[in-house]
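> Structure provided below as structure tokens; questions to follow.
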Amino acid sequence: MHGTIVFTRSIIQSFVSSHKSDVYKCHSTDEASYTAVPYACAYSNGAKSGHTPLLAIATEQGAVHVVNTSPRRDWDCEPPRTVLTPHANGVFDIKWSPSDKLIATASGDHTVRISTPASSASSEDQVLHVLHGHSGTVKCVAWDPAYDGEVLCTGGRDGGICVWDLRVGERSGSSRRETRSAAAAGDAEEDSVLQPVISIPGAHEDGKPSKPRPRKSRPTPAAAVRSVTSIVYANGSSHTLISSSSYDGALRQWDLRLPITSKKTPKSKAASRSTLISTDPTTLGGTRRARGITTLVPGTGPSAGQLFALGTDARVHTFALPSLEPLSGYGPPEADAFAYTHPQMQTNSFYVRAALSPCGRWLANGSTADGRVFLFDVGSSARWAGGSAQAVVLRGQRGEVGALDWAQGMLATCADDATVRIWRPDIGVHRRCLEDSEEMRWHWSWGADD
């Protein structure tokens, strides 16, 4: 017995978005353009619990816009937004702390910055901490669920994972302002920014010595750094991390209680050891070339015990927790009940992300072309129905749709056309869209089963 299976596909089929009240843009900090492209977004934890839907939008220019996306009547003014400027470079990931008191931003300037979203804070006091430990773009960030606003981890294009404790090296407000000024000028002293308490360099390297090559030969693609693309805390544990990489679909689990002091790494930055390496589902079907993972999304509620991984092979793969055993990849896509895909789904970009609804039933991911967003009913356990879940496709933007996130009863999607669009279920409006599509397309965008 697997209990009662609840099918909610009809709800995600009814998702609609108003052209007049559900579209947001971020103004540019550069005089050469009017708007900035959104690179990352995250709803507050309160929004996921049904409170005010505050959405933090991070842009290509390093700004963060905190927007209230509550439903509005057509052409009603948007509620006042808070704008932060923690970076002067693109922000590739953004996360609220568990209590929503802090926001962490991972940037192309090689730093992570911790800011307060409080609108009462002056611009000088918005950034509380500057975290410096990566040698390349910081790609992902996750807060430790057990230490509210105190401990977090990051992964970067340099292939490393860093763990940070904000309680180490806390400073006064005046000292923080000096830190920010120095960091912005690019001449910060080593002790003026927070350093990681644990560093894991080359987190997804295989450990095999590289073969010497002729002096004039060029490096092969396989020699490229294996970037860390996503990182999550496993099952709410504060000492176990799971990470993915750009190199292949194999996930790695890390126990932070098992440090190994390396001769290359100071004792204060002891490197941890991976305790588990999963099988790569992107090669299980006979594909010779491994594909990377862009996003890891732990299941919750009806999808608990599963870990969803969006691959650059245009599939969302499923792993079992805590074993990290792949449940997908063993058969053709149309018969694989644990892999979610669509003929028009293109995910060959590490900017394309995935997110799970707070109820744990619906998974959404972006695509690299045609402004498409794909929704899957992962909570109804389509595998019990004997086949893979069919996607609902949302189209209301242009170009690549990369970042997205859920609040209770709504989904935010960010696109290359510099728009952020909010989608909500509305069966009545959706029915009218289907009945009079020529008229309604001037006012609404809606989902389809194409």
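Yeah, the Cβs are placed from backbone N, Cα and C, and that goes for glycine too.
A quick note: this is a predicted structure, and the numbers were derived from the prediction, not measured.
Features from TrEMBL:
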- 276-285: compositional bias 'Polar residues' (COMPBIAS)
- 173-224: region 'Disordered' (REGION)
- 265-287: region 'Disordered' (REGION)
- 84-114: repeat 'WD' (REPEAT)
- 131-174: repeat 'WD' (REPEAT)
- 394-423: repeat 'WD' (REPEAT)
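Looking at the shown structure, what environment does each listed feature sit in?
Nonlocal intrachain contacts for the repeat 'WD' (84-114), taken as residues 6+ away from its ends with a CB within less than 8 angstroms of a stretch CB, comprise 29, 39-46, 54, 56, 58-66, 123, 126-132, 134-143, 145, 148-149, 152, 154, 156, 164, 166, 183-184, 193, 351.
Broken down with DSSP, the repeat 'WD' (131-174) shows 2 helix, 19 strand, 23 coil.
For the repeat 'WD' (394-423), the residues of the chain that approach it from at least six positions outside its boundaries are 15-17, 22-26, 35-44, 47-50, 53, 55, 57, 67, 69, 349, 351-359, 362, 364-375, 445-448, judged by C-beta separation under 8 angstroms.
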> By DSSP assignment, list the helix, strand and coil residue numbers for the repeat 'WD' (394-423), in that order.
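The composition, in the requested order, is 0 helix, 19 strand, 11 coil.
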